[in-house]
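J.: Dropping a structure here in structure tokens format, bear with me for questions.
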Amino acid sequence: MIDKIILFLQGSGFVQLSWGHVGMIIISAILMYLAIFKEYEPLLLLPISFGIFLSNIPGTGLMSGPTAKTVGGLLHYLYEGVRLGIYPPLIFLGIGAMTDFGPLIAQPKTMLLGAAAQLGIFTTFFGSRLLGFNPAEAGSIAIIGGADGPTSIYLTSLLSPHLLGPIAIAAYIYIALVPLIQPPIIKFFTTKEERAIEMDQMRRVKKIEKLIFPILVSLIVGLIVPQALTLVGMLMLGNILKESGVTKRLSDTASTAMINIVTILLMLSVGASLKAEQFFTIQFISIIGLGLSAFALSTFSGLMMGKLMHYLTDGKINPIIGAAGVSAVPEAARCSQKLGNEANPGNFLLMHAMGPNVAGVIGSAVAAGVLLSILG
Amino acid sequence: MNVLGETLEITIIGLSVVFLVLLLLTIILKLQGWLMEKFFLKSKKGTHKQIERTKNIKKEKKNKRAVIAAAIDSYIKDHPIEFIKQEGRKMQKYRISIDNEVYEVEVERVDEDNNIKSINKNSSQNNSKFSNVSKNNNDSKLGKQSAAKSRAAQIKNEGKIENASDGEDGEIKVKAPMPGQILMLSVEEGEEVEEGSHLAVLEAMKMENDITAPGDGVIKEICVKEGKEVNSGDTLFIITNG
């Protein structure tokens, strides 16, 4: 009898609790507080923080794999969706079903802004290598500069899964902080007159163009960068479900119920994969720092491309929509709208900024595909 | 050094692939847009220029109609139309030539008063026919015709002046800058507004945008209601100034 009580106590959490666990539980509590009371991206932060919380209660085996006798923990199996690269493409399917590529089709040249804003990815790759990360790790860190959560998670899970937690956290932190990070950079590199520039209203896009677009993009991306097609192909599938008009039920599900379910599973798993020994290291701090520089550089290079196009088109393009080339949809576009409106109350750039914004999504997925094919 | 070279290579390859893919897409989309414009959008919803052009054509037509109506009016004043007294026959057709274009005019008898019912423009192919008709007229009538012409020219000029002023200080249309939903209206019809006055809140992409007055004036008409979905380019307010 007493033997059994001792055995039970030995299996309980208190005995196995370490300072690392306590630290992580405190961090998860802080994150939960930020999500619930400060509403910082609560849809993402709350499941992440609860995932951290659950997996850091010791002795539960939630994250442990199967042994010869027992099956693995629940979170272990949910994590398989991350490890095998299944969740991020499913998220892309939902995003595709929500996204209107009309502004991009109406103004194809804004596509180049989405390409320019990927520069930060590669400069950060450079920086990460100098700081001593191996090529695969450097690629995963660099993709944060694309400001695309699912892409970052997808690439990291395939290149360097051990960094998944820190990178996912860093990526989503910057996406949440777009309204704080971008404006000072934009204001520094543009004049008030430039921000005040109004752009012509866009032409209306025909339905047939919206139907050709997903097929066209999948074909071209698939032929040039096959590794990028997993993400881009799912994005375009979601989009054609939406634009075809005949599969309303499917596109509704993809853009609401399905993306929500996958978000819960993905964020919970990402949170659960965060370990104490990763969180309190120089490595994590340098990932956060490198991510910030990647993000800032992408904003900068998008802006510079915007300026170039501004001069090439005789001032028809407002350079600040270049900053929307980083693919945080729609936060970056909102940022352009806000700054443009601030400089000139009659200026509405939101729809124009959506062009480079969605192009940025395609751009960072292509960049991820390139990194995957070279480093993978 | 090895690290530097290798990363530089990856950077160059990566960036150029991203640019290549997106540039290719840009070119194809541009081409597609051009084809669309050329073959599909020819009729109505075209580019800004096309819309402006059709607007101008409409204006010109309107002007011309005013000129024609005035010319006919003055002609009829000089030449009282003698209706052929015939039971049941109220309509009579006339042909009038202005600027080498022939117009067929139907005149309807309404009790004692002569009233112009409608103006139908015919093709200028009828020109020759008309010249035959005018040859049959006597000289005095021809003189009076030129008087009518000068009056028409006068009216034409007046019309032009009117039109020009219409654009500058007549009405300002406040249009929706993007598709979205009108969350709130902050003015009422008849209210005076200044440039920059807050008119409404338009929500697009979960973002509230303020619509402000582009100039001073009085709200003549509010074309939307709170909660209404609008498309880009829809007229929201009509403001008259002065």
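Quick reminder: no glycine exception, Cβ is built from N, Cα and C everywhere.
Just so you know, TrEMBL annotations never went through curation; they're auto-generated.
Taken from TrEMBL, the feature transmembrane segment covers A:17-36, A:43-64, A:84-105, A:112-131, A:167-190, A:211-237, A:257-274, A:281-304, A:358-375.
Can you tell me where each of these features sits in the structure?
T.: Sequence-distant contacts of the transmembrane segment (A:211-237) (same chain, six or more residues past either end, CB-CB distance under 8 Å): 85, 88-90, 92-93, 95-96, 99, 101, 104-105, 150-151, 154, 243-244, 361-362, 365-366, 368-370, 372-373, 376.
Tertiary neighbourhood of the transmembrane segment (A:257-274): same-chain residues 24, 28, 43-44, 46-55, 62-63, 75, 78-79, 81-82, 87-88, 90-91, 93-95, 97-98, 150, 153, 164-166, 168-169, selected by CB-CB distance under 8 Å and a gap of 6+ residues from either end.
Taking Cβ pairs closer than 8 Å, the transmembrane segment (A:281-304) reaches residues 113-114, 116-121, 123-124, 127-128, 131, 141-142, 144-147, 163, 166-167, 170-171, 173-174, 181-182, 185-186, 189-190, 319-320, 322-326, 356, 360 in its own chain, all 6 or more past its ends.
Residues 92, 95, 99, 101, 103-104, 110-115, 117-118, 121-122, 125, 135-136, 139, 142-143, 146-148, 151, 154-155, 158-159, 217, 221, 225-229, 231-232, 235, 302, 324-327, 329, 332 of the same chain sit 6 or more residues outside the transmembrane segment (A:358-375) yet have a Cβ under 8 Å from a Cβ within it.
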J.: Which sequence-distant residues neighbour the transmembrane segment (A:84-105)? Criterion: at least 6 residues beyond either end, Cβ under 8 Å.
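T.: Distant contacts of the transmembrane segment (A:84-105): 111, 149-151, 153-154, 157-158, 202, 205, 209-210, 213-214, 230-242, 251-252, 254-256, 258-259, 262-263, 265-266, 269, 329, 351-352, 354-355, 358-359, 361, 365.
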